[in-house]
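Novice: Before I ask anything, here is the structure I am working with.
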Amino acid sequence: MANPEIVISSCSSHEEENRCNFNQHTSPSEELLLEDQMRRKLKFFFMNPCEKFWARGRKPWKLAIQILKIAMVTIQLVLFGLSNQMVVAFKEENTVAFKHLFLKGYIDRMDDTYAVYTQSDVYDQIIFAVNQYLQLYNVSVGNHAYENKGTDQSAMAICQHFYKRGNIYPGNDTFDIDPEIETDCFFVEPDEPFHIGTPAENKLNLTLDFHRLLTVELQFKLKAINLQTVRHQELPDCYDFTLTITFDNKAHSGRIKISLDNDISIRECKDWHVSGSIQKNTHNMMIFDAFVILTCLVSLILCIRSVISGLQLQQEFVNFFLLHYKKDVSVSDQMEFVNGWYIMIIISDILTIIGSILKMEIQAKSLTSYDVCSILLGTSTMLVWLGVIRYLGFFAKYNLLILTLQAALPNVIRFCCCAAMIYLGYCFCGWIVLGPYHNKFRSLNMVSECLFSLINGDDMFATFAKMQQKSYLVWLFSRIYLYSFISLFIYMILSLFIALITDTYETIKHYQQDGFPETELRTFISECKDLPNSGKFRLEDDPPVSLFCCCKK
């Protein structure tokens, strides 16, 4: 942009009175001085930390805090991740143990196929589960126990859900049914003796009308303590397992599916004593977490202050430009004052502070929100590491990735919106048509995962081969469906997506060689030829520059 002419106009309205008074009482030399001051202020604002140090001796505190925070947050996440891994492993191993303990003849990886097909097998499974529950202390190798309710132990609830009335005669193609569902429950106490006999003489006195039966549920509660955390210098947690064994006969197809669901809750143990230095280690970890919170608070304050300073300078520049050149600053130029990296760091700091507080509460056994804490700490750590890219971006050779992503993002979003319409169309079509015949298309979520893996070229043959050939028309449709999807997304849409990124990359490389297009803001700043170490950016109360804090580029 060439040097803009200073426009002096008459006062035509009350709202321009201040501007007119300024233009009428300000000499050209004073206006040039104000322009130079504004240029220096803007140039200083857009300098990198090293240049700001040479310009005013300002220490790069935010950079130092970010480097310190990366190390501390990463260490914190690793330590919590190891602890959370033990919790998840304990949950999964107990669930597998319960399936082997209470499901007769259960074998690993039978969750989708575990079922019974005769009435006697149903009774046998129920009796086996009840007997295993009553003999828990004699058969379980874990530290499992019944839930205590005062002086009594919790009972197992056996409930059957069935239609209120049902007379079904498939041979005559007739039926009479009342779809209202009724529930009948009774309880088995752990201290009661139990006799295993034939279905006709078993102690349960359970009779099932399989024509009306929908489900049979066996629900009971067990407790356990995760002692493996002691070896890692952590206090153990107490676990409550709410187990539900379901016999599903809703389809009335002759196949009753059996499943075991385990609802797990973690809580603080009531009375405990551990010898050794576990409590001391817990206190040290809480001190470390408190130091992480303090560091993030400092980072949060510094970044918020920088964002506010940017917004204030933005408003000052907009008013200055409107006052001197009677022009509005473009939105793109105004957005350059809003530093997205600082906003990302602010979000990261907030997540880290909340996650660290939760972690301290978990260590103090006041909370057991492991999953929420892991999500907060994991997301914050990811954002912290991404925030470092800002400082790498000050070097031209490392800035190519950032510039390419920034330039390509608008086009990528528009392209993905169009591609998503096609993708969702294929998802719904595959779910409805192929779902009954293909395991990978049974739910909308599974369809999306299957199609996305096909785009990456994964598991193509298995997807074709697992299609059932019970219906030739559907089998033929599946071939047309899969071939068209693969051809469209891999050879066309994915290629166009890569070409979009590649074209942006080449454009950025060309700009780096020949110069980037100048905006009004950058052109205005470029007229300031003062170097950072010229001394013209320094304020009266600035301390002298020390050569030991930063190296001149």
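For all residues, glycine too, the Cβ spot is worked out from N, Cα and C.
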Novice: Per the topological domains given in Swiss-Prot, are S330 and L401 together on one face of the membrane?
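Specialist: Both on the same face of the membrane, per the record.
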Novice: Going by Swiss-Prot alone, which of N172, N205 is annotated as N-linked glycosylation site?
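Specialist: Per Swiss-Prot, N-linked glycosylation site applies to N205.
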Novice: According to Swiss-Prot, C238 takes part in a disulfide bond; indicate which of C185, C269 is its partner.
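Specialist: Looking through C185, C269, the record in Swiss-Prot gives C269 as the partner of C238.
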Novice: Could you pull the disulfide partner of C159 out of C50, C185, going by Swiss-Prot?
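Specialist: That record, Swiss-Prot, gives the partner as C185.
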Novice: Sort out the residues at least 6 away from either end of the transmembrane segment (342-362), same chain, that have Cβ-Cβ distances under 8 Å to it, and list them.
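Specialist: Residues packing against the transmembrane segment (342-362) from afar: 66, 69, 73, 76, 80, 286, 289-290, 292-293, 296-297, 299-300, 303-304, 306-307, 310, 368-370, 372-373, 376-377, 379-381, 383-384, 386-387.
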Novice: Measure from the CA atom of R305 (site 'Interaction with phosphoinositides') to the CA atom of N205 (N-linked glycosylation site) and give the result in Å, rounded to a whole number.
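Specialist: Between the Cα atoms of N205 (N-linked glycosylation site) and R305 (site 'Interaction with phosphoinositides'), the distance comes to 74 Å.
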Novice: Out of 372-392, 415-435, 476-497, which stretch touches the transmembrane segment (63-83) the most, going by CB pairs under 8 Å?
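Specialist: When the Cβ pairs under 8 Å are tallied, 372-392 comes out ahead.
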Novice: Quick one: of the recorded positions N138, C159, C185, which has its CA closest to the CA of C238 (disulfide bond)?
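Specialist: Comparing Cα positions, the closest of these recorded positions turns out to be N138.
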Novice: Using the alpha carbons only, what distance in Å do you get between C185 (disulfide bond) and C269 (disulfide bond) once rounded?
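Specialist: The Cα atom of C185 (disulfide bond) is 32 Å away from the Cα atom of C269 (disulfide bond).
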